[in-house]
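Quick notes on the structure that follows.
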Amino acid sequence: MSKSRINIILFVLLALSLVGCAKPPTAEMDNAIAAVTRAENDPDAIAYGSSSLARAREALSNMQAEAGAKRYDGAKTYAQEAINAADRAIADGKTGAQRARDEAATLVNGARTALTETEKNITAAKGVKNLGLDFDGISQDFNSAKNLVDQAQGSLSTGNYPDCVSKSQSARSILGNIDTKISQASIATSRKK
């Protein structure tokens, strides 16, 4: 055998032995697992960053499959992908929570304003003779709306934004119905004159 042929065979054997000795990217994989766990334990990431969290979980699963198949370069790539997606889920969660908080605050403040306006309308309607309104029923509805607004404020304070939005919208609906009743009764009374 020629010397160059022996060198080629030795080079191939050396390369194969080095490939066989490759080690899994343990640090990167541990970091990926920690990042995904952090995102999975972040309530805002779960609520508002779910698509990024799903990508992080998928990358983590792919990382583990690649490591199991001893394709460590692929495992390392998926580990970094999982870390990036988990970080994105947390960032999306913070952004989404801020947006939800702002929306909830706007709705509860709008409901408080509507509460004040409806209270003025009720007071004005009580001053009109022969309006034909059930003021006891209106008072009960108004108190229900007021309680909903108070509950919405409490939900806003505790960070339960979906509940705050729901209660604020319900209160606005009740107040809108009261205002409609007063308006219709006023129109009907003015037509009788």
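Here the Cβ of each residue, glycine as well, is placed from N, Cα and C on the backbone.
TrEMBL does not curate its annotations; it predicts them automatically.
What you see is a predicted model, and the numbers here were worked out from it, not measured in a lab.
As written in TrEMBL, here are the features:
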type   : residues : note
DOMAIN : 27-105   : domain 'DUF4398'
SIGNAL : 1-22     : signal peptide
Confidence summary for the domain 'DUF4398' (27-105), mean pLDDT rounded: 96
Residues in the domain 'DUF4398' (27-105) grouped by DSSP into helix, strand and remaining coil: 73 helix, 0 strand, 6 coil
